[in-house]
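Database features (TrEMBL):
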{"type": "BINDING", "residues": "A:CYS25, A:CYS29, A:CYS32", "note": "[4Fe-4S] cluster binding site"}
{"type": "DOMAIN", "residues": "A:11-223", "note": "domain 'Radical SAM core'"}
{"type": "REGION", "residues": "A:355-381", "note": "region 'Disordered'"}
Amino acid sequence: MNALTPNAPALPAPVGLLAELTHRCPLRCPYCSNPLELDRRSGELDTATWQRVLTEAAGLGVLHVHLSGGEPTARNDIVEITESCAKLGLYSNLITSGVGGALQKLDALYDVGLDHVQLSVQGVDAANAEKIGGLKNAQPQKFAFAERVTQLGLPLTLNSVIHRGNIHEVEGFIDLAVKLGAKRLEVAHTQYYGWAYVNRAALMPNKADVDRSIRIVEAARERLKGQLVIDLVVPDYYAKYPKACAGGWGRKLMNVTPAGKVLPCHAAETIPGLEFWYVADHSLGDIWANSPAFTAYRGTDWMKEPCRSCDRREKDWGGCRCQALALAGDAAATDPACSLSPLHAKVRALATEEAAESPPDYTYRTIGSNVRSPLKEEAPL
Amino acid sequence: MTAPFPTPVADEAQRLLTPEELEAALRDIGARRYHNLHPFHRLLHDGKLNKDQVRAWALNRYYYQAMIPVKDAAVLARMEDASLRRIWRQRIVDHDGDHPGDGGIERWLKLAEGVGFRRDYVESTQGILSATRFSVDAYVHFVRERSLLEAIASSLTEMFSPTIISERVAGMLKNYDFITKDTLAYFDKRLTQAPRDAEFAIEYVKQHATTPELQRKAMAALTFKCNVLWTQLDALYFSYVAPGLTPPDAWTPGTGLVPEAAVAQAPGTGTLVATDVPRLPRGVRLRRDEVRGQHVLLAPERTFDLDDNAVAVLSLVDGSRSVHDIAGALAEQFAADRTVIEADVLVMLNDLAAKRVLER
């Protein structure tokens with residue numbers, strides 16, 4: 001590790017690699033975490049490059065690889081890539097929609113040593129779920145996929161992204177997770193970047209519903225202790241302190257896009273002026289230690305007040321840079337989700353206002369759409 | 001007259017056996033026909049049944065338990081010797097108890113409640129299979145109608161029950177998270193009661209089966225009783241395992257339960273005890289992290305940094321050692337007190353189990 005980081009002996013080794021293998025996906029969720037400008041298939045890294053990236057990641061100290069997308073099973077080489085993870089001792093986590101060719105490839109993935117499956121579910125009621133995901137007949141495919149996962153003895157996590165279109169189904173998600181034999185459930189309130197930011201007014205739930213969902217999760221955690229672990233991500237806009245985004249900028253996570261661009265988090269490209277390096281040009285270790293995008297907000301030197309003197313600065317690392325940019329117009333500002341930010345009250349008011357109005361229609365994510373980021377049109381707060 | 005039930009070895013019916021030979025012949029019947037050999041019991045003890053199948057077993061078997069004192073009262077009514085009655089009446093006390101809330105039937109109700117049933121539903125017996133009712137009723141009729149010798153001989157299945165009980169208790173505790181030691185309290189008592197009862201019964205039969213004809217009848221009675229037990233499992237298997245044809249009005253999953261029990265619990269979960277055998281399930285791996293110079297436990301979407309103690313414990317979690325064994329090995333390795341270590345190990349492993357990264 002030191003050989004890679006001669007000038008910064010304290011540089012932590014990355015723990016996780018989010019491998020966005022492709023942006024192709026049969027679903028069109030309005031809160032998709034992919035960027036508004038999606039990579040096309042022709043620009044995707046080839047198998048050998050991914051295998052080199054994984055080898056470098058293992059050498060750097062990465063333990064977990066999240067095989068994501070888009071829909072990662074849309075790649076023809078998903079089995080080979082997973083097998084490489086197993087051979088390198090990397091813990092492989094398939095983050096999948098469970099639709100399309102996912103079920104067909106599952107047994108082969110199991111055979112080469114896949115460690116864990118995280119399956120997204122958009123809703124409990126099939127019609128609602130399929131409206132949110134924008135794909136007919138997705139729900140039965142997901143259930144069949146989940147059944148095979150548990151049949152094989154693979155650990156299953158259900159991931160539910162919560163917003164006003166399904167916040168009434170939180171109880172149902174918990175029952176569904178138990179019924180499908182999941183060991184973990186993520187009740188993740190939407191984080192408003194990228195597509196979710198475009199659709200924020202259609203997605204933002206009201207405070208009473210958010211509070212209710214938290215109470216339901218807390219009661220279920222007690223009731224299902226030892227059977228189902230429930231991870232809760234509360235919506236930032238209603239939180240007291242921000243989350244340590246990606247565990248702190250450039251501290252734990254690397255994100256490689258389908259085209260091989262390496263980001264400190266999946267939304268980092270929304271910050272203008274950051275220089276990202278590509279795996280085609282640099283080794284992963286070089287990128288981790290030296291790429292301008294990673295060094296820009298690593299540690300605490302870049303912080304302004306109130307973060308700079310805050311005793312939480314090494315707990316939440318100032319929150320999310322992308323959100324600071326989106327809401328405060330400055331990526332180095334305190335995340336306005338933090339109650340210590342001067343803009344926090346405005347953010348809370350904005351959320352309350354949007355949640356009180358009747359929701360507009362979703363803008364579904366799609367490759368090659370003309371959706372422009374509202375970041376460019378909306379004046380910062 | 002042809003024998004109503006075939007005796008196991010035809011030749012033995014032709015001559016008078018010595019008491020020891022008779023006992024051996026009776027034991028041979030159990031060795032080949034006792035219901036521990038039934039496929040349903042193998043599934044039950046090996047943890048291969050789901051919770052609803054275990055429920056079906058507990059519900060149906062209640063009717064057998066509930067009718068045992070009726071059967072024993074019928075036997076008692078045939079006994080003209082007070083010294084015999086004093087011994088036999090203990091069976092009724094064992095099952096009915098001395099007061100409300102005591103006795104074997106009560107303990108079976110606890111078992112049924114332990115797997116989620118409402119007590120009143122179990123007591124009503126409305127959901128049991130007809131084959132259960134027919135078999136149990138046939139047993140009661142048998143002891144009423146046949147000789148006292150045959151009635152007593154039919155109880156000799158108790159000679160074989162300690163084996164099945166030990167197997168069952170160990171197997172069920174190990175394999176079903178919804179079964180606790182309390183739930184299985186019924187069997188604790190039977191482990192001491194059954195051998196005592198069987199000892200009396202076998203001595204009685206050996207003493208009173210004094211002709212080849214009587215010996216043949218005693219053997220036939222025991223065979224009949226084995227069939228009473230076997231038939232009940234056939235019916236359970238047919239209705240709830242394969243082909244899964246449940247007769248009209250018989251219990252179906254989801255009914256007769258207390259509301260909370262409607263939520264199924266996953267296999268392998270629940271609190272670990274010292275006799276449990278912990279294992280790391282698929283998707284949880286103990287690994288050396290060379291970059292950071294430590295061991296880590298890799299699990300779905302999380303990593304546990306392990307200290308030396310945790311590594312020592314988890315290195316011994318192999319799916320074959322019990323918690324007790326693990327504590328023993330560590331006690332030897334570190335020359336420390338096993339009891340203290342066992343308590344610490346249980347705390348650590350239960351913490352991991354609660355996080356769903358360790359199972360049993």
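Yeah, the Cβs are placed from backbone N, Cα and C, and that goes for glycine too.
TrEMBL: automatically predicted annotations, no manual curation.
In sequence order, A:LEU27, A:ARG28, A:TYR31, A:SER33, A:ASN34, A:GLY70, A:SER97, A:GLY133, A:TRP195, A:ARG365 are the residues of the same chain, not among A:CYS25, A:CYS29, A:CYS32, whose CB sits within 8 A of the CB centroid for the [4Fe-4S] cluster site. Around the Cβ of A:CYS25 ([4Fe-4S] cluster binding site), a 10 Å sphere holds 24 further Cβ atoms from the protein chains shown. In the three-state DSSP reading, A:CYS29 ([4Fe-4S] cluster binding site) counts as coil. Taking Cβ-Cβ distances under 8 Å and a sequence separation of 6 or more, the neighbours of A:CYS32 ([4Fe-4S] cluster binding site) in its chain are A:CYS25, A:GLY194, A:TRP195, A:ALA196, A:ARG365. Long-range C-beta contacts of A:CYS29 ([4Fe-4S] cluster binding site), restricted to its own chain and to partners at least six residues apart, with a cutoff below 8 Å, comprise A:SER120, A:GLN122, A:ILE132, A:GLY133, A:GLY134, A:VAL161, A:TRP195, A:TYR364, A:ARG365.
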